[in-house]
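Shown next, in structure tokens, is the structure this report addresses.
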Amino acid sequence: MGAIWTGIMEIAAAAVIVPLGVLFLLSGLVVNFIQAVCFVLVRPFSKNTYRRVNKVVAELLWLELVWLVDWWAGVKIQLYMDSETFKLMGKEHALLMPNHKSDIDWLVGWVLAQKSGCLGSSLAVMKKSSKLLPVIGWSMWFSDYLFLERSWAKDESTLKLGFQRLRDFPQPFWLALFVEGTRFTEAKLLAAQEYATSTGLVVPRNVLIPRTKGFVTAVSQMRSFVPAIYDVTVAIPKTSTAPTMLRLFKGQSSVVHVHLKRHLMKDLPETDDAVAQWCRDAFVAKDKLLDKHIADNSFGEQLQDTGRQLKSLLVVISWASLLTLGAYKIFQTSSLLSSRKGLTFSGIGLTIVTVLMQILIQFSKSERSAPARVNPSKPKNKFAVVQVHVHLKRHLMKDLPETDDAVAQWCRDAFVAKDKLLDKHIADNSFGEQLQDTGRQLKSLLVVISWASLLTLGAYKIFQTSSLLSSWKGLTFSGIGLTIVTVLMQILIQFSKSERSAPARVNPSKPKNSESLGVPN
């Protein structure tokens, strides 16, 4: 019954995501086209004019995602900062130094940038693959975002040139630099703690260890024209679920607390080593601030009223009206929905939208960020071989107690023993010497080969004797079939994920204070 309900919910989510995806994709392609035309015709003659025009054009796309956060999902972003800094937001160049807490930190930054009037000139340093994201990644590339390969030998010159290009930026900009290098997860925090212990650094509890080379380069290259560093700390209160891209599309609200502290760039040390230490000290202070947030469920009393801006809502309504009118005219003057050819194109289009939205959702997930590197001496296996240790102990049923209470106590004792065994495994990375050779059985391989051969032969015969791939009707059914398969496989994948199970209830009055678990990539 639970699986059926999950399937129904996933299909309902898809019914919401696809229309939003159509709106986002079509409007985004229009924006990308305008950006491309301006890049070719305007930028070669006046970079400042191009940047001013691109700021307006890019906002027409990015405001849709701001609407998704602000209006559709109703995410409540509470901003804690002093009043003087609040008045300066959006009126000066700033280097942002946030922790990387959730899957949508970048969207939280966009919401704050929009409220400050600098959404179209908000920038970030991102991994190179981000620019390949359809629509959103392309718009970032046109907007002077910096993209890195995560190899310092290649990225050092890219960063220096990218930072220097911003010297003559015509409007106040925000440049976000995620110095942790990857999104926060418990596994990465554990690895960061181990790394800090082995190298004599302060052991983190709520953040990862910052990678300072990029930050040092940013400070050295932009010290003369960027007056401020915004030390941004993002936290999710205990009473709220962490926001994700999928939750946003489903219209599920969350609460995000943001603390912002302004530092003057001129007050930073002069030498690279001292700047690197300043960055590490800032993250130690950030860690303590997050400890306080865990205890108080708040960043203090300096809460600023940001509200919800109407601009993003008006942009979405305008896009929806324009595209609906355009679609109506097309359907009215063509046979797009009354012919096999039209239905085929419509089916293929919806399939493409479904796939692209899935790519966006998957790309935003924290488990996609680079894994923690605990032992740099062991290179990552490109074939992604996973090792699992299993310990099995046999108990005779006749040896169990007779009464129900005694059996229940036996079960609890078994899990106490299991806990100690796992402690030993953590220490030794093994369950001991009683390792049995299981090998790999050929039966599963033979079954898969047999099924693949049988279905391939059947498909060949069907395609040979029918017009399934040579008629619009056949192509339509094929497209619908592939869409159904995609949705069903996604249901299976989502259903299997551990985060779908109910969250552990520790004790909200006593926040868990684990010894740190993070890592530099």
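Glycine too: its Cβ is placed from the backbone N, Cα and C atoms.
Looking at 160-180, 475-495, the range tied to transmembrane segment in TrEMBL is 475-495. Given the ranges 291-311, 501-521, the record in TrEMBL names 501-521 as region 'Disordered'.
Remark: secondary structure over the domain 'Phospholipid/glycerol acyltransferase' (94-216) totals 63 helix, 17 strand, 43 coil, with classes taken from DSSP. Cβ atoms under 8 Å from those of the transmembrane segment (12-42) belong to residues 49-50, 53-54, 57-58, 60-61, 64-65, 68, 72, 134-136, 138-139, 142-143, 246, 249-251, 316, 319-320, 323, 350, 353-354, 356-357, 487 of the same chain, restricted to positions at least 6 beyond its ends.
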